[in-house]
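Chemist: OK, Swiss-Prot features for this one:
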| type | residues | note |
| --- | --- | --- |
| BINDING | 54-58, N81, R104, 131-134, 268-271, T279, R297 | carbamoyl phosphate binding site |
| BINDING | N164, D225, D229, M230 | L-ornithine binding site |
| SITE | K31 | site 'Important for structural integrity' |
Amino acid sequence: MSESNVKHLISWEDWSDSEILDLLDFAIHVKKNRVNYAGHMSGRSLAMLFQKTSTRTRVSFEVAMTEMGGHGIYLDWMASNFQLSDIDLEARYLSRNVSVIMARLKKHEDLLTMRNGSQVPLINGCDNMFHPCQSLADIMTIALDKPEIPLNQIQLTYIGVHNNVVNSLIGITSALGIRLTLVTPIAEKENIHSQTVERAKAKGTLSWEENLKKAIQNADYVYTDTWLDMEFFNDPSYADKKKQRMELMMPYQINSSLLEKTNAKVMHDMPIHAGYEITREVVLGPRSIIFQQAENRLDAQKAVILKLLEA
């Protein structure tokens with residue numbers, strides 16, 4: 001496989017609508033037929049490079065490789081030479097030893113540099129601009145929750161801060177025809193991927209709403225996320241920014257009172273800061289599909305690995 005022919009998952013920008021739909025269908029197939037893929041990664045290794053903290057991404061990728069007969073290698077950025085060397089050169093070496101690489105980095109630009117050096121498929125396990133694997137599991141969860149309803153009839157409402165998860169949600173929903181409404185009181189320009197937004201606007205799948213009641217009244221799903229990036233949440237140097245954000249965003253909390261105005265089910269990509277963007281009562285309540293959503297990361301990761309190595 002030459003470098004020019006290697007397929008990566010950095011964002012949905014490099015995937016066609018039909019490729020995204022095919023990947024979604026395949027992820028659902030893998031979940032329903034896990035035993036059929038028990039040995040597909042035999043003799044193969046996945047390098048997992050972490051610059052950001054993780055629970056779900058590490059667990060799901062490592063378990064995915066184990067269940068498929070392969071091996072997941074955990075690499076801590078600070079304990080590796082990625083922190084010392086040119087990223088593309090380290091990636092060029094690493095890709096000579098493994099079949100696929102997953103990287104969870106702070107800067108999207110670093111992931112692009114890593115892609116330029118990798119001779120094997122590179123998966124974005126989350127960066128500051130995109131989180132494609134999360135959005136695949138999100139839509140997989142919706143498709144499994146309402147299999148009788150075509151995706152282009154689904155209304156998804158996101159309430160929170162415009163971030164990497166939102167960019168990936170915009171990309172995948174526009175590809176699949178899902179209507180996405182954003183209620184994003186905080187939407188800083190540097191966090192918005194304009195190409196992704198413009199494509200969705202052109203397709204008519206994306207809209208914005210300031211009235212919270214109007215945004216949720218016809219929603220099938222209400223989705224929220226942390227109001228401050230996880231690596232900064234407990235950082236004392238961000239205390240003032242955190243305080244300002246919490247005060248601004250508290251009226252947009254997902255709570256029982258808000259849910260009285262909608263029949264929507266509730267989603268969150270985790271980790272959760274209960275009492276801020278969502279109450280613990282809602283997280284554990286009957287409308288929550290948050291843990292199904294998190295569980296589906298496992299089969300979504302399997303599907304991504306298998307598809308990229310098949311390409």
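Glycine residues also receive a Cβ, built from the backbone N, Cα and C atoms like all the rest.
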Chemist: In whole Å, note down how far the CA of N164 (L-ornithine binding site) lies from the CA of R104 (carbamoyl phosphate binding site).
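Modeler: If we compare the Cα positions of R104 (carbamoyl phosphate binding site) and N164 (L-ornithine binding site), the gap is 12 Å.
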Chemist: Between S54, T57, N164, which of the binding-site residues has its C-beta surrounded by the fewest other C-beta atoms within 10 Å?
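Modeler: Lowest Cβ count within 10 Å among the binding-site residues (S54, T57, N164) is S54.
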Chemist: Say you check the Cα of S54 (carbamoyl phosphate binding site) against those of the binding-site residues N164, D225, D229; which is nearest?
Modeler: D229
Chemist: If I take the alpha carbons of D225 (L-ornithine binding site) and D269 (carbamoyl phosphate binding site), what is the distance between them in whole Å?
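Modeler: Cα to Cα, D225 (L-ornithine binding site) and D269 (carbamoyl phosphate binding site) are separated by 6 Å.
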Chemist: Which of K31, R104 (the recorded positions) has the most other Cβ atoms within 10 Å?
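Modeler: Comparing the recorded positions K31, R104, the most crowded Cβ belongs to R104.
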Chemist: Go through D225, D229, D269, the listed binding-site residues, and name the one with the sparsest Cβ surroundings, counting other Cβ atoms within 10 Å.
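Modeler: Among the binding-site residues D225, D229, D269, the lowest count of other Cβ atoms within 10 Å belongs to D229.
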Chemist: Would you pick out, from the binding-site residues C133, T279, the residue whose Cβ has the largest number of other Cβ atoms within 10 Å?
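Modeler: The residue with the most neighbouring Cβ atoms within 10 Å is C133.
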Chemist: Per DSSP, to which secondary structure element type does R104 (carbamoyl phosphate binding site) belong, with helix, strand and coil as the options?
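Modeler: The residue in question, R104 (carbamoyl phosphate binding site), is strand (DSSP, three-state).
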Chemist: For the C-alpha pair, I'd like the distance in angstrom between C133 (carbamoyl phosphate binding site) and N164 (L-ornithine binding site), rounded off.
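Modeler: C133 (carbamoyl phosphate binding site) and N164 (L-ornithine binding site) have their Cα atoms 11 Å apart.
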